[in-house]
Protein chains: 2
Amino acid sequence: MIRVLLAEDQEMVRGALTALLNLESDIEVVAQVGRGDEVAGAALQFRPDVALLDIEMPGRDGLSVAADLDRLLPECQVLMLTTFGRPGYLRKAMANGASGFMLKDAPVTELAGAIRRTAAGERVVDPQLAAQALSEGDSPLSPRELEVLAESEDGSTVAAIARRLFLSEGTVRNHLSAAIQKVNARNRLEALRTARAKGWL
Amino acid sequence: MIRVLLAEDQEMVRGALTALLNLESDIEVVAQVGRGDEVAGAALQFRPDVALLDIEMPGRDGLSVAADLDRLLPECQVLMLTTFGRPGYLRKAMANGASGFMLKDAPVTELAGAIRRTAAGERVVDPQLAAQALSEGDSPLSPRELEVLAESEDGSTVAAIARRLFLSEGTVRNHLSAAIQKVNARNRLEALRTARAKGWL
DNA sequence: GTTTCGTCGTGACGAATGTCACCAACACTT
DNA sequence: AAGTGTTGGTGACATTCGTCACGACGAAAC
């Protein structure tokens, strides 16, 4: 019997997947959580064989949770399950010790199989997405550039970002300018869009 | 037997919900589509009693599809099913003839009940969301202001927007300025964020 | 030990943005 | 007939943005 932990923020999706997985004779969903920061606790308590993690979740994002899980409970395999096939996501997932990466676009029928293969120690990755992740390349942004860009997401002005980060305005402008050019954009908004699309943000 | 059409772009979610609904003795999913522009055709062919529509879909968005369905197949009740509880969405859904509005945050167990009530001619709406939609108020933006704001979503400059819309740059700047002030923002980016959050975009 | 890279900073510059006053045409309401 | 709101436009203005050149420091790489 494969013991599964399911982390997914949308109740309805979580419930539906749980019900479906429980129909499989060799799979049992032993824990469900709706927030990223509840995963670690539940995992330690219920000791699942496979953790099925959504990426976009309140509390903590699934990618960083995967890293923790890999440390805290190495015998538990991590299978990421996400809406967005962003190359950066796959990259980060693999770097964080996940063994698999599935899209919600895939047919449900493949899910049980993917779980079985993950539990058996196989790596489950959409080959097309893997190829794209390799060709797209990693984020060209330095940590600071990324941080400044992220801070500008809500429409803050340079001055506001500088205050929040305890930097001079000039420095913020320079970092932003560097970020804009590195992602090959024309302005802040475009830079944000492409960074998001590639999963760098 | 309640005949249901399910429109939802994520294969896995669609499959899981279909499987669950088919377990109900009085509900049958007679058609599934993954794109907004396939809904009308499928509805005319399979004549469902209830159409379960996601809002965010490729092809056409569920809200405009609801309006068409209400015209083409008035005996078919429309139940919107969406991730985002944006007041503007609810408002538009009701204006477009939908009979219900459910969030994917709701437990799966409520879904079948909601479908039954919708089929019976009841209106199914989360009361909290309804209250919010009423208090938030409708979009303060004129059609043109909205259009200009939407065009700026991808990071286009004023000049580019002006070219696309066959307007002078000054006019675009004026519309944008008006939009920014009406949504109570400080700049384009902030205006886009709040407009999106309220479902006005 | 030099080079490279990231970080932080300044000053300056042109371009883009956001605001404002003002005008004109049109539709719709009262 | 007057008032109101949307749309389209012009010109001017201060502010913000994005770029560039340049310098300084520390850490890591060679």
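Using N, Cα and C of the backbone, Cβ positions are placed for all residues, glycine too.
If you look up TrEMBL, you'll see B:3-119 marked as domain 'Response regulatory'.
What TrEMBL lists as domain 'HTH luxR-type' is B:134-199.
Within the same chain, the residues at least 6 positions away from B:Asp54 (4-aspartylphosphate) whose Cβ sits under 8 Å from its Cβ are B:Ala7, B:Glu8, B:Asp9, B:Gly62, B:Met80, B:Leu81, B:Thr82, listed in sequence order. TrEMBL lists B:Asp54 with the feature 4-aspartylphosphate.
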Helix, strand and coil counts within the domain 'HTH luxR-type' (B:134-199) (DSSP): 48 helix, 0 strand, 18 coil
For B:Asp54 (4-aspartylphosphate), the three-state class that DSSP assigns: strand
